[in-house]
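Asks: Please see the structure below; I have some questions.
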Amino acid sequence: MEPNKADLEQKLKIASNLECPIFLKKCYHMITSCDDNIVEWSEDGTAFSIKQQEVLAAKVLPQYFKHNNFSSFVRQLNFYGFTKTKDLNLPLLASPNDGGVKPFECHSSTIDLARQWQFHHSHFVRDKPELLIHISRRHYGNDGKNRPRSRTKSFNELIGNNYEDKNVKAKDSSLQKEQDLVSKELQNLKGQLSSMEDKMKKLTDFMSNVDLAQIESNTESSVQCQSQVLNAPNIASKQSSDSRQVYAMNEVSTPLETSINDAISNSNPDNDKMILLKESQLFDKTAPIVAEDSVRDHSISMPKITTDLASPTSLIAPTVSMSNHVASMNLPELGLEGVDEDLVLDEDGSSTSVDSESSSQSRPVFRKKRSSIISDHEMDIDDLISSSFNHDNCENDIVGSVQIDSNSLPRNGDICKMTSDEDIQDLLPAIIVEERTDAGSQVASSSLAQDLSDNEEDLLDQSHLLNLERCLAMLPISDRIKFVTDIMNSISDLDTLRSQGMKIVPCDSNANINDHMSFARFLSVFIGVGFTRDDILEDEVYQIWARRSSKHFADMEYARSVGAKAGASTLLAMAKTRNEGENIMSKSNLDEVVDRMKKVESVTVEHDGITFDWKDVCASNNLGPGTVYQFPCVRLTPMDLYKESRWYMTETDRLTWYEKGIQANVIKPRIPRFGIMQKDCATATQCGPLLQQRISSDDALLLFGDLTAMSMSDPCRICIETTFEARMEQGAAGVRGLFGLIANYIGQSAAAFAGVPETQAKMAEIAGKALSIYTKMGENGREMFEEFTTYYTARALYTQLGALQYINGYESVHAAVTASGGTMTPLTARLLEFVAEPSDLLDPVKAKNAGAAVAAKDLAAHADGDFWEVNTAGNPYPFEIAAAQFQSPLGGSGLDLSGETQSMSVHLDAANYGKPEWAPGSPDPNSDEWITLVESDPIYKWFMAGEEEIEAGCGNIQPNPALLPFQWCTKHNQPLYPEVASMNKLHFVKMWYNLLLDNNFLGITQGEDDPYSWTNGNGCGYDLGGERYSYNQAGVNESDILENSSGDLYFLDEGSSIGALDKSLLIGGANFDVNGTYESVTTFQNIYPMAIPENVVERVSHCNRPGGGIDITTSDAVEILEGFKRKMVDIWSEGWDDSTDGNVQFTAFFDSVGTAGTFNFTLREISDDSSFLTFISILIIAGISMAFLFNCNMVKSRMGVTFVGVVLVVLSFVGSLGFAVLLGIKINLNMAWTLPFIMIGLGVDDMYIVLSALNSRRGNEKEDFVEAMQEVVAPVTMTSLINFCMFAVMNIIDIGAIYITAQAAMISVFFLYISIVFCFPTYCYFDMKRQEAHRLDIAMCVKRNSDHNESEEMVKSESIVFKVYKSLFLTKSILAKILQLVVVLGAIALMVAGGIGIKEREVGVGIEEFFPSSHQGNRWAEIRNTDLASWPMGMSWGKVDYADPDVQLKMMKQFEDVIELDYVSETDTKWLWISEFNLWTTKHCDANFVRNDPNVLQCGADQIYTDEDGISSTCEGSWVENTIGLKTKSVTNIFSEQCSPFEGGVCREASEMFVQDLAALGVDRDTAISEGKSYCPITENWSEDKLRFCIEKWRLFTGGSGGLIASQGSEYKLSDGEVCNGEYNNDGNLTSPIEISASPTIYAVKLYSHQDTVNMIKQTRAVCDDDETIHCFMTGIPFDFWEQYLTVNETLLTMCAVAVATGLVVATAFLFLELDPVDESFTAGKKIVASAFGGVIIAFIILLSLIPVIGISLLLDVNLTAFSIFSFVLSVAYATEFSVHVVHRFLSAPLSIESAEDRVEYTMKFLAQPLTLSFVSSAVGIACLAFTKFEFNERFFFRPLMIVVVVTYFMGTFLLPILLSFMNFDFLKVGHKGEADVLKTEEGWQHKSLHFNGNGNPNSYRKKASYDDSPQEIEA
């Protein structure tokens, strides 16, 4: 129905006038007005449908918004809470065949129904625009909102490590309403939490009691269908037209998902409505499916897939069979398609079919679980469809049911938006596995772990892995640990393994290898799930580097817990001359810097089709409220010394500078005070001397600077400020009263002039205007009167300050006029009017005074003159083009302000108004009395002009550009010159005076001048109206540039916001002469502060943003910021390594605040770089291992099983990392470059031990295998246990690089142990069976037919390694003895070298060492170390008693003491928030000098606080004597040419104190001055609530921050009252009591070495952190990076001691438990002694390995760091690996082997080859590290790890056996005496259990002979 036009217009008008976001108004207007074919309301008006997206974006959006981006429009809808829904109102067309209406038959028109979008919001309704006010923006996550300040505040607070406000939602207009809403929300949250806890308890209980029953295999008949299902997962769905939903699902779910859902699902199937489907329709995407209605739940049956593991071919082609188990899969809500009229739905939810043929079969049913999670996101079916099922022969195999949760699979990115626990619970895949008979009965769920192991193929489907990963990611870390631990228990538990048919060792030759693969499958799961997570690499240096148990870490945790945030990220951009020592301050070099700065400042980043520039992301781009995007971004650079840097100011920026800088800070506050200085404060005790000196020297303009240079306690300043406030308040009240009196008096008197209509009409007009003025001044009286005072004073200044210029120019004009034939009175004649005698002109003083009088008369006449055809502001000379006879200036302001300002009050007798004696003058406006006394009053004329509308141009009645060749108007004046417009007369008057002041006195032009070409005089050495130095001016050389660059450096506002900049932060490599002038400078540094993501989100939504504000998410902001960081660094450093690319080298570094920075990017590269080298290392290890176990006899060879072992080791290690990732452990740099090479080496070593045990047996029977495994289990377990414990004790070290890596290593040790002990033996057993069957290695299908005795050949053989080892070390030869001595001496030499290295150790790793030499970051760090060795840092205070004066003074003292340190740059105490706040509460407050609202006083003494008892007081503070040595403010004589840019402290000398303040303290001023006392500001006797109130007022008026936590302030409103998104007033509620505060950013300097940094940390902490009386702590990069170096020596000592002690204790305990002698002569004491001795030997070898490893590494420049310590301690693992095997086998050698030499030979025959193989494989793998492109990796990983492997191999394989060969002690012989195991033959030690018959068959005869048997008996 077409809406009524009038109604429509009325609704749109209502919407336009609402107080709601403009986006909603425009959106409502657009949808209501738009063509219905493009977008229209739904039938009920509660939603709207977008039918043609492209048309809407291209043609409609630009009419309402400043873009045509449809995605941006949708994002804005989402931000305002709109939800995307199904379009339920789409019309259907009849079928052309039968004329009926069938579902899913779409229009043939161009409108694509499938692409239509529908949006809904409960308060966005067609005919109810008034509901729009209830819609507000929503915010994802915990994003904070920071407010811009009321004026530009400390840049130190903008860019530093101080903490910004914690932002919360803005307060509601009604406090009670807000409390009610919060209470209601709290109750809802409690309910949700309770529900979540119940669900989690169910899940935990289920997971703890899951039944590990096997899933039965099914018949062979369904193999083909199941294979198809397994190999082609698919889901099909289409959309219907009648809002009904049916799913055609071809997806196989995972048992894991099934079990999880079974634990948490609360849905009742009996209450669900069912839809029946034919089996033939299930796999056919085109088959029709029907649904009853859209609100019913649906389900369909699906097959259950199992893998037949009994089949020997299942490894290659798993047999898949059908089962009665039913899997279900969560899917999003999808549309319906394919309706079959044969299918019906019962009301009770049971299934019924019209088709009799299928009535006996179980029907596929959809059951949809109701959920509201992610209701505003729709899953596209194309996201899930990958292929179609081949459904041939599958119809009859479909039984069961599937439950579907439409919201369980969120779209990408939605998980991160889930905030509630209920959301997280519902996000878990709601999948229930059921077993259904033909009758439909249900049975219990199958086992979680069994399903995982038996259906790994299903689980490894990528989509399933993604679901599992999402599930686990949502669980708390404790639940994740429990979840995966339960899985591991199901594998490692022996009874469970046996119940699943698994055996640790095979008991018969028919054992199925598949029964032993569960662990390998789980490894695959962990790899797949763990490594599919997005965030697995640790790129936060703090997490790797910081000491967690340190006070620093605790303080940082405290800061985070209370909501503190870092302020801004920072780009440090270096520029240095390529030629060492060359000066950068030359024209060409500076031009290079300028060009590079222009490039980097013009960087843009594209994101989602939107272009972002530097102003979108910089830390600050405003000069006060409302100027966001209208002022240059804050950046600090030495280039601000030069005028050439003015490219940084756009025209918009220059206008902002003029309006918010010059007008607001110079003209508006100073001109009226200048008048008061001259008129009211010119006495000798006040401003007299200052006025006299300035005027006499013709420097009157300097008085403007004096107004702010004087201290607030200066008598002149006191007089000015006191008088100014009184004048403004009294004047505003008096003027308002006068106009009220006029309105009343004239209005009442008008009746008396009834006979004179003209007079009566004029009186009515006057009364009306007066009443209007009276009304306006009731609201803005102070501001209006202050404006009048400003311009009235400006007129007086014109006559005074313009005198000299006028007189000097008069003669020149006179000469020009007379030369052209005109007439003009000579100046001499004019001067005679003002002297008594002509001779007086001979007196210079009288002549000067006469000239001033002439000028004052003419200039006053000029200012009071009427508008003319040309604006003559600043051009007062008397001439006329048309007639050259004119004696006074032409043109003027258009308003005559001559006359007495008191005359109006006198005429009205205002002083007596209301009294009986009141006698006002005539009310007749035509009377001479009225005209003389009232209309001549400047006040009357000014304010009445404000009520008059005139038509004029820029100060002109009718501009005529042809008259003069110049004009003073600019294109920023309104109306534009030479146009005219009807406007308020005062508008033109003020314009004229503004142009006069700017051009005639200040020399500034709107939109053209900026801080580089015009200054405000605030900076030391910067004159008002001056300009910065230009290095490009003619005749300038390098010496001139250096000299003019030696002054003070300021940001654009010359210190008014952040003070002078310490040039040592920005200028480096400088040499000075004796006067402090630069002789040369080599290095510049620019600092570019960048906003954090939360602030960027607000910034880009600001209405001032070019193109309009936009809405983005925090994740969007992170991506945008990272893009800027990469591009800015790349562009700045472009060509850094190209010597031909200019004379200046550019390098840069971006920190990691807010988002990843340069170091993080490099850290990721370093971590990723290990992947390739690790892969190469694995290949080499595998190749070497196979080569060592290769034999020309391919039956004897074991390359195949060796390769399998290496693969299993690698799989176990990678799986352990995946498991670690699931537990929340990120892969860090240390982990990536140590564990792959160490852990794989240890695992391969154990693999060699197993293979060696098998080789030593040589038998192929089960008993041989069992005996071999029994022999290796003990040493492998022992080494694994010691390594596990060694890594465990590393957790006592609180540096992330150590303990996090150690945790991952512990998991790796466990996984490797399981693999080697439980899994690898299975493959070994099958390899034995291969040998028994005479099948070839690798080519197992080939069987060798050979008659020679291979087994006997194997028995007689010895490894080549052992033969060499034996010949060199184990014989009685002299060579062997010499070599033994060499080994001992070598060990001693290694110990000596180690001791030297430890003594000469160096500590720390430099930033440059993290970057490869080919990376510009390496060069940046080198320049930083030599030229600009500085870092930003800060101070913070915790929850202290901020109301205590002693605490306040102590904070100031700590701050000053830190600043005074040699390693800290200079700054003023006033920038510390508590100092500034305390000053604000005193009479020294200067906040009233410039204030946004003139009607509100802004100092502490002006603020009224009322406590809960109704007692009022002000926020006025007090003073206390300075007894703790605080610095005082440095006061400079304003007449001195010397000045200091720094003020020092905030305390005041007695001479600078207000007399009243000293009197309040009972102190005599003269006495205090003579005694040299000083006093400091404090607040005392304040309650917490008063402190909160006063700090909130201070923040509001001054923009102060101090890192205090406060709520978000109110939204900033523009001048027209419209709310401007993205900007907030500084009026948020402060968190009280104060939990944290922070200092501004301070800079550590001179940090040229690690020791310098450590010294700085110690010195600052001695002042701050170590003070127990107040909670103070230092923050910043130096403390995060170098924290560990404070205790690195103690850390190393602790780690070594604990590692050695662990080896001793664990080895001793294990040997005691493992050694089990059966000889009756053995006593427990002997066993203890042998075990203890073995433990001591092992610990001794560990110690002998540690010392050389540490010392030699340090000698090779491997400095002491957390990384190197971890590498050093890894020597314990290798030393343990080598020594444990040797010692254990030595002690457990058979008793028949009596001598120590023989026992050593027995030991090394078995171990020489595996130990050597372990060494070679590890060494070769580690050698790959030498090829890394990162020098850091080569230095801190390759060198120490290679030293570790070589030294430990030497100590364990050579020194230890030699030492043991001398230990021929009886108590060490604790082996078995009974059954003999070995026999020493000519070939060496052989196992006696293996003998051969004459046929060479090792299985035909087997005798278990004892060592008591004689050799003859054995030979028999």
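Including glycine, each Cβ sits where the backbone N, Cα and C put it.
Annotations in TrEMBL come from automatic prediction, not curation.
Pulled from TrEMBL, these are the listed features:
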COILED    179-206  coiled coil
REGION    346-369  region 'Disordered'
COMPBIAS  350-362  compositional bias 'Low complexity'
DOMAIN    1170-1326  domain 'SSD'
TRANSMEM  1172-1190  transmembrane segment
TRANSMEM  1202-1225  transmembrane segment
TRANSMEM  1231-1251  transmembrane segment
TRANSMEM  1272-1293  transmembrane segment
TRANSMEM  1305-1326  transmembrane segment
TRANSMEM  1378-1398  transmembrane segment
TRANSMEM  1692-1713  transmembrane segment
TRANSMEM  1733-1756  transmembrane segment
TRANSMEM  1807-1828  transmembrane segment
TRANSMEM  1840-1863  transmembrane segment
REGION    1892-1916  region 'Disordered'
Asks: Which range wins on Cβ pairs under 8 Å with the transmembrane segment (1378-1398): 1172-1190, 1231-1251, 1692-1713, 1733-1756, 1840-1863?
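Replies: By Cβ pairs under 8 Å, 1733-1756 leads among 1172-1190, 1231-1251, 1692-1713, 1733-1756, 1840-1863.
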Asks: What else in the chain is close to the transmembrane segment (1692-1713), if you only count residues 6 or more beyond its ends and a Cβ gap under 8 Å?
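Replies: Same-chain contacts beyond the flanks: 1274, 1277-1278, 1281-1282, 1285-1286, 1289-1290, 1292-1293, 1298, 1727-1728, 1730-1732, 1734-1736, 1738-1739, 1742-1743, 1746, 1750, 1760, 1765, 1768-1769, 1772, 1775-1776, 1780, 1783-1784, 1787.
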Asks: Among 1172-1190, 1231-1251, 1272-1293, 1733-1756, 1840-1863, which stretch has the most Cβ pairs under 8 Å to the transmembrane segment (1807-1828)?
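Replies: If we count Cβ pairs closer than 8 Å to the transmembrane segment (1807-1828), 1231-1251 scores highest.
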Asks: What same-chain residues lie close to the transmembrane segment (1840-1863): Cβ under 8 Å, and 6 or more beyond its ends?
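Replies: Same-chain contacts beyond the ends: 1234, 1237-1238, 1241, 1369, 1380, 1383-1384, 1386-1387, 1390, 1737, 1741, 1744-1745, 1748-1749, 1752-1753, 1756, 1758, 1764, 1767-1768, 1770-1771, 1774-1775, 1777-1779, 1782-1783, 1786, 1796-1797, 1799-1800, 1803-1804, 1807-1808, 1811-1812, 1814-1815, 1818-1819, 1822-1823, 1825.
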Asks: What mean pLDDT score does the coiled coil (179-206) have in the model?
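Replies: Summarising the coiled coil (179-206) by its mean pLDDT gives 64.
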Asks: Counting only residues 6+ away from its ends, which parts of the chain sit with a Cβ under 8 Å from the transmembrane segment (1733-1756)?
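Replies: Sequence-remote neighbours of the transmembrane segment (1733-1756) are 1387, 1390-1391, 1393-1398, 1400-1402, 1692, 1696, 1699-1701, 1703-1709, 1711, 1764, 1767-1769, 1771-1772, 1774-1776, 1778-1780, 1783-1784, 1787, 1839-1840, 1843-1844, 1847-1848, 1851-1852, 1855-1856, 1859-1860, 1867-1868.
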Asks: Using a Cβ cut-off under 8 Å, which residues of the same chain at least 6 positions beyond either end of the transmembrane segment (1272-1293) come close to it?
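Replies: Result: 1242, 1246, 1249-1250, 1253, 1299, 1301-1303, 1305-1306, 1309-1310, 1312-1313, 1316-1317, 1691, 1694-1695, 1698-1699, 1702-1703, 1706-1707, 1710-1711, 1714, 1765-1766, 1769, 1772-1773, 1776-1777, 1780-1781, 1784-1785.
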Asks: Checking distant contacts: for the transmembrane segment (1172-1190), what same-chain residues at least six beyond its ends satisfy Cβ-Cβ under 8 A?
Replies: 1197-1199, 1202-1203, 1205-1207, 1210, 1236-1237, 1240-1241, 1244, 1247-1248, 1251, 1809, 1813, 1816-1818, 1820-1822, 1824-1825, 1827-1828
